[in-house]
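Working notes, beginning with the structure itself.
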Amino acid sequence: MRLSELSHPNQLHGLTIAQLEDIACQIRERHLQVVSTSGGHLGPGLGVVELTIALYQTLDLDVDKVVWDVGHQAYPHKLITGRYENFNTLRQKGGVAGYLKRSESTFDHFGAGHASTSISAALGMAFARDRLGLNHKCVAVIGDGALTGGMALEAINHAGHLPNTPFLVVLNDNDMSISPPVGALSTYLNRMRHSAPVQFISDSVQESVKNLPFIGGEIPPEIKSLTGSVKRLAVPKVGAVFEELGFTYMGPIDGHDISRMIRTFQAAHRVGGPVLVHVATTKGKGYPYAEADQVGYHAQSAFDLTTGKSIPSKSPKPPSYSKVFGQTLVKICEQNNKVIGITAAMATGTGLDLLQKAIPNQYVDVGIAEQHAVTLAAGMACDGLRPVVAIYSTFLQRAYDQLIHDVGIQKLPVTFVLDRAGIVGADGPTHQGQYDISYLRSVPNFTVMAPKDEAELQRMLVTCLENDGPCALRIPRGSGEGVTLMEEGWEPLKIGRGEILEDGDDLLILAYGSMVTPAVQTAELLKQAGISSTVVNARFLRPLDQALIHPLARRIGKVVTIEEGALGGGFGSAVVESFSDQDLLVPTFRLGIPDKLVDHASPQQSKESLGLTPSQMSKSIMKRYGWDTSDSLFLSNSNTSSA
């Protein structure tokens, strides 16, 4: 059978093991071909090909429900649930999403882009099933990295208290998250990977007892209890934690042996309560480069399949904001041993891998544990350290209570560097960093800022570390502006002070962070239409530089705010509120992300769809303030676009 003919996972039923293994080869071939061309998550999906096939072989996917954690590992799922033909559009505008989306397929039962949610969601579905008197199976598939997340452990704690609720958790243990997992639980799982499978210990004991002459095939109840005791003697070396939490533990089993997994999943489905099947897989399985470098090939841009090397950009790009941050933090840490970098399993993505390599004793990876990362930093700050928590904007949402309760209220000097703030592109709505401006500006005692370029990022990092309270610094995804950088000697900025970049009399443009350069480009286009603009780099969201902004607004009389974040409660809202507080009635036009989700596309395509390119903003501004656009052909013909 060809993979291209597979439109429904139930078509796997009845195929021989040899046929299923052939399907597995075809999945890997298609997976590699598409990701090498358009980019995407590589290693996670390659590692669960056989697991997906074996699991679906034991389910009726017309009624049974499988929830995949995060979605990194769900590409094989997509390929056997009717998306083979469109898979070449992966992560492209209007194409197949990189994560699971309920709106994309009836087989995507729960959308996710953040880790550790699957067990809670699948358990909720099991609750609904039982309440409605239905009889289908509910399964969560979670990686060992995601299992270290507090939410997953909370769900296991709850599920284990429900002995009569049939519920299956499949632990995909590849000894990795995005980076190697950390912590005591990961160490425990690693030991379990190398232990004999528990259910087969128990089965072999029962088989041996059956063959005793005085038993004669049937095992009396008292002897059955003895075999259970033998199993419990083995469990402490393997699944003790899960057994003690109320789960029936099975495994570890080879996650690339389809036949054995089918038998194990079938046995798991026969158990009346919660079951955890521990499956040991290899991240990147079947592609030698991905197996050898499991961190580097977790996700890839387009690459050469033969060499495994990324296809170089047509033109050289400046270093990314993440890299500049990482390099600058290393320099600061070399001079101050009280500065500690903290990541929640995202060292490479945030640039903290540079600190990890250079000064490992000033680097902490807490695993997928954002809440713990924030309060750990708060504790450090209590006793004289200067922690720097580097975290994606979208993931800091998970620790909002800790920001308020543990850091803000106590005014502790913790620095947060929010990477991927703003539009992130192909990862879609679960990863867009569009909310941090709104959720940070209301937290007590915080100073919140964003740089216009990578040189200003360096100065802001120093500013944060010299401040005596909590600070948040947002940086966008991707390359910087290409400005000259200093190796050391960065001067801190004055808190709450912006700067004027352009002077004009017709319009005041207030821009924040990554939208400062597009604002300058927008002003240049307006200038060609005879409209002169004052452009202000706000620098600080909290406190806002009212001493600079208010007199300019009074004098000029027309204001535009530009931000790469949600308009609701955002930078523009802060400006309008400051005007209102001072009874300053000035027309203000806010440009940013409206009340909508930003779907997967390239960053440039997303900005175009939101009207946030300089030519689009120029046209919108002229229309808003009644300036004639009929002769402004430059607005539609201009090639100027935001970076």
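Here, residue 1 is simply the first one shown, and the rest follow in order.
Glycine residues also receive a Cβ, built from the backbone N, Cα and C atoms like all the rest.
Annotation source Swiss-Prot lists thiamine diphosphate binding site at His72, Gly113, His114, Ala115, Gly145, Ala146, Asn174, Tyr287, Glu370. According to Swiss-Prot, the Mg(2+) binding site annotation covers Asp144, Asn174, on the basis of sequence analysis.
Nearest to Asp144 (Mg(2+) binding site) in space, judged by Cα atoms and limited to the binding-site residues His114, Asn174, Glu370, is Asn174. Cβ packing within 10 Å was compared across the binding-site residues Asp144, Glu370, and the lowest neighbour count falls to Asp144. Fewest other C-beta atoms within 10 angstroms, among the binding-site residues His72, His114, Gly145, Asn174, are seen around His114. When the record's thiamine diphosphate-binding residues His72, Gly113, His114, Ala115, Gly145, Ala146, Asn174, Tyr287, Glu370 are compared pairwise by CA position, the greatest distance found is 32 Å.
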